[in-house]
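Structure, as structure tokens:
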Amino acid sequence: MAAATLSAADVEKLNNLKSAVAGLNQTSENEKTGFINLVARYLSGEAQHVEWSKIQTPTDEVVVPYESLAPSPDDSVETKKLLDKLVVLKLNGGLGTTMGCTGPKSVIEVRNGMTFLDLIVIQIENLNSKYGCNVPLLLMNSFNTHDDTLKIVEKYSSSNIEIHTFNQSQYPRLVLDDFSPLPSKGQTGKDGWYPPGHGDVFPSLKNSGKLDALLSQGKEYVFVANSDNLGAVVDLKILNHLVRNQNEYCMEVTPKTLADVKGGTLISYEGRVQLLEIAQVPDEHVNEFKSIEKFKIFNTNNLWVNLKAIKKLVEADALKMEIIPNPKEVDGVKVLQLETAAGAAIRFFDNAIGINVPRSRFLPVKATSDLLLVQSDLYIFENGFVIRNKARTNPANPSIELGPEFKKVGNFLSRFKSIPSIIELDSLKVTGDVWFGTGVTLKGKVIIVAKPGVKLEIPDGAVLENKEINGPEDL
């Protein structure tokens with residue numbers, strides 16, 4: 001992939017941007033350099049075009065079936081040795097705004113009064129206690145979540161777990177009109193800036209000093225995952241496999257269902273494994289990309305990466321992931337955010353693999369409909385782990401569609417006196433002003449529609465099986 005050269009006009013654009021950015025004092029020299037390099041790559045149009053005919057389906061050597069992994073050591077001394085090589089890093093830059101919450105998304109209560117962060121801490125505490133190891137937790141915050149997170153982690157100060165926080169980069173939003181940084185246009189608040197996607201985890205680890213500190217403690221691998229994926233727990237079989245086979249990078253993938261057709265997939269391309277995202281797919285192949293037949297797996301964003309390899313690649317400025325342009329509007333000004341994704345880094349690491357993991361390792365909570373699943377009897381809760389109830393025989397989760405009245409967590413919680421039993425539910429669709437009593441059971445296919453202006457209350461103890469409810473008379 002040759003770097004394209006810049007036109008004279010673009011060189012001038014970039015030079016003007018450089019001098020404007022030099023005058024911004026809310027951002028470090030490392031961040032300024034990183035930002036200018038990203039913009040230069042974007043302007044040179046080095047976007048990678050995938051030649052469709054060269055795409056190959058990865059073999060089992062490249063995307064390893066989870067079932068084929070060797071068992072983890074049964075000796076606790078060996079297990080401690082293995083875990084002492086590990087660091088857990090959660091991507092904690094996101095706000096809970098889409099779910100109507102202020103502050104970091106990781107402090108939304110998931111179950112039994114516990115937040116995402118509480119669960120993560122309990123899980124690692126249990127590991128450290130059980131094996132006498134020291135697995136530290138790193139939280140990568142954005143400038144949006146940093147201050148709140150520092151306050152929140154104070155409550156874990158007496159736990160047997162080292163918690164480190166660091167900030168991902170803060171880049172200025174680009175004004176599309178004249179390619180100037182938004183903060184130099186008088187937008188001095190947070191709105192002038194953006195965090196450039198989780199691909200930034202690698203340079204930020206290095207720039208924060210955390211990477212060198214971890215290497216000096218003898219740490220070898222970092223397990224990176226989204227803080228809202230309840231299934232992303234430490235897995236000894238995966239860690240053991242990577243250490244034994246010296247894989248520098250591993251992406252956990254899982255079989256696609258119809259709900260995941262947009263997710264990135266792993267392909268073999270010119271002898272290397274790489275991530276193929278829907279944005280890179282030529283229009284005439286999009287339907288093929290979405291098919292479950294040809295591209296059977298998708299990226300969970302659970303990533304295991306060798307720390308020495310990260311150091312080597314960041315220092316060589318070799319991580320040139322595909323740029324994702326994200327256009328936004330701030331106070332009527334059209335701006336551009338250039339972002340990268342951590343999964344796209346896979347092709348720069350040696351001996352990189354995917355592992356095709358069970359769906360249970362992918363349980364993200366992106367909306368209140370997901371919250372309904374994890375708070376229900378479909379899952380049981382033990383030792384900080386959210387485990388699927390064996391009483392559910394269907395391997396797929398029910399599909400849940402809740403109307404806008406349920407979008408915010410506060411509204412969602414007030415509309416359910418208690419979360420219904422959904423072990424035998426196939427699908428639920430709720431629209432309008434609907435309120436649920438306690439001890440409700442939903443089975444099969446249930447549709448509940450409150451007509452405009454009508455308050456519809458589902459009575460305590462109601463059992464709804466394969467029913468469509470359009471008003472009180474249907475109950």
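Cβ atoms are placed via backbone N, Cα and C, with glycine included.
Just so you know, TrEMBL annotations are computer predictions that nobody has curated.
Copied from TrEMBL, the annotated features are:
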type: BINDING; residues: Lys105, Gln168, Gly197, Asp228, Lys366; note: UTP binding site
type: BINDING; residues: His198; note: substrate binding site
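Here the features listed in TrEMBL are placed on the structure.
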| residue | record | Cβ contacts under 8 Å, 6 or more apart |
| --- | --- | --- |
| Lys105 | UTP binding site | Gly94, Leu95, Gly96, Met99, Phe116, Ser227, Asp228 |
| Gln168 | UTP binding site | Gly93, Met140, Asn141, Ser142, Pro195, Pro196, His198, Asp200, Val201, Ser204 |
| Gly197 | UTP binding site | Ile324, Glu339, Thr340, Ala341 |
| Lys366 | UTP binding site | Thr98, Asp228 |
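Spanning the listed UTP site, residues Lys105, Gln168, Gly197, Asp228, Lys366 have a farthest Cα to Cα distance of 21 Å. Using a 10 Å radius centred on the Cβ of the residue listed as 'substrate binding site' and all shown protein chains, the other Cβ atoms total 24.
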